[in-house]
Structures are given as C-alpha cells and as structure tokens.
Amino acid sequence: MDLSAIVADIAAEMAEAPDRGTPADYIPALSDIDPQRFGIAIVEADGQCHLAGDAEESFSIQSISKVFALTLALGAVGDQLWRRVGREPSGTAFNSIVQLETEHGIPRNPFINAGAIVVADVILGNHEPREAIGELLRFVRALAGEDDIVIDAAVAQAEMETGHRNQALAHYMRAFGNLHHPVERVLGVYFHFCALAMSCRQLALAGRYLMARGVNPGAGRSVVSPQRARRINALMMSCGHYDGSGEFAFRVGLPGKSGVGGGILAIVPGRASIAVWSPGLNARGNSQLGTLALERLVQRTGWSVFDPQAG
Ligand SMILES: NC(=O)CC[C@H](N)C(=O)O
C-alpha cells in the first residue's frame, strides 16, 4: 500500500473540493484563517511518515488538546476522575449546558467543554495556572518529540475575552461543587490548553501512544497502560466529535478527536496515528474536509475498526 501516493491523491481532491465548510467565527483569532488550507499526516507504527498539503503548517488544535489533558488528568487522579465526569456521549453540541442541570453538574464526558473544564480543574490541582499549562506543553512536546511546539497566547487571550458560554458552564459546575478552583483560574488553564499550536505532522507524532498500546515509540517508554490507551480510544470513538460522533463512526470508523481549528486526530490501533487539518467546519463544529479526507483514507486502506483487518 503506497500511503504517500494515497495522501497525495487525497490532498489533490481536497484542494478542488467546493464545499469547504466555514472557519470558527466565535473565536476572533480563528475566524480569518484561509479555508483553502489542507494538510494530512500519517505516522505508521514503524515510524514512517507520509505527508501531503499543508502538513507542516501549525494550527490551533483547540479541543484535540482535550485528549492530552485527559491523559494527564488520569495520570494525576486515576479512575477517581470518573466521579466528576462521565464516559457517555452527550448527543449535544460541544458547548451545550442543557444536561448539567438535570445531571447535577457532572458533565457527560471529558471531551465536551464542560468535561474538559473539569479535567483542567483536576490538572490545576495544587499548582499555579502557569505550572499546569507548562505541564501540558511539556507533555505534548515529549509525545511529539519536538520542542518547538508552542501555545498561541493571542488565541488563548481571545477566548478569555469572548468565552462567555464556557464561563457559564464553569460557574454552573462550581455551583454544584464540581469545580474546585475559581472559574477564572480554571478557564485560564483550559483556554491555554486549547491554544496549543501544532502541525499535522507534530499532532500525528503526539498521537502515537494511542496507536501503540500506550507506548510512545519515539521515546521507547510507556505513557499510559494498554488498558488506559484502549479506553481513551473508546472515548474518542464514542464522544470525540460531540453530536457528530455517530456520523464520524459511520463514515470513518476510527477513534477521532476534532477541534474547531479544523484539525482531527485519528488513531488506527496498532497501525497508524493520523492528523488532518482543514479550517472549514460543518454545522457541528467538526472539520468538513478533514472528515471527508479521513473517509477517503479508510476507503483506500480498509483501516476502519469495523473492517476485518489483515493479520
Ligand atoms: N470543539 C472545540 O474545539 C471547542 C474548543 C474551544 N476552545 C471552546 O471552548 O469552545
């Protein structure tokens, strides 16, 4: 299978795609990104990299950061986390508040904003916000094996100034006692996590541990147990695209996590870590062409977890 030819074909098709979605308009720093951009990167289990399009261009990974934050939070408190956040798909938009009242301030899962805000609260722990932010940045750099990954402070600041729905979510959970730190401090951590800037190549490298049963192949060391890697992949499959998770499983069939910057991280357990980027979003806030590109990829490779894999 010539993966370099496949990603080149996919990039060529995406370059001509007429319906590109619309970049996120509620975060000022993201609203004017060129929807014509497209990148794809595949890192195979043996370390081979296959890149096409704008695969080396940095973009705001936004909610994809929630995968790495969840990994850190589980490392900090283990399964105690699940007393404060659930493991079920919400069936609602990523920034929805509707279930918090009837479910007593406990978010459905760690990937909707409410769940990720609780995760940030856990990581904050007894640290200062800048220490918690630095911990995630160092963690992601180590996963990717790249020290030039940064947090875009302008993007974080833009969300601090406009993130009113997240303010509402955080205050609502604090009222239920499910936020242990002042809202401003927790959201400062959360918004900086979301403002991580990475390329498709760096993001695919960072996702390798989820492909390799919890081991970071670049460093040859365990990041999480095989069971925890499996469980994070399961949550990405069922919750990673919010109220579009069923559609993503139907069309792509891989554990995946989207972000409103237009990126998607997808995992082929045991085979590959994949990142795609196209800034235009569909109605559910997931990358329009990122989803189509991954659909094309699994059609060409047979990598969907629902397809029988060759031995
Ligand atoms: N789905 C996303 O990427 C949303 C992340 C964004 N920072 C928000 O909180 O709304």
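Every residue gets a Cβ built from N, Cα and C, even glycine.
What TrEMBL says about a protein is an automatic prediction, not a curated fact.
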Further substrate ligand in TrEMBL, beside Ser63, Asn113, Glu159, Asn166, Tyr190, Tyr242, within candidate set Val223, Val224, Val260: Val260
Mapped DSSP class for Val260 (substrate binding site), helix or strand or coil: coil
For substrate, whose listed binding residues are Ser63, Asn113, Glu159, Asn166, Tyr190, Tyr242, Val260, the greatest C-alpha pairwise distance in Å: 20
Contacting binding-site residues for ligand 1, chosen from Ser63, Asn113, Asn166, Tyr190, Val260 when the Cβ sits under 6 angstroms of any of its atoms: Ser63, Asn113, Asn166, Val260
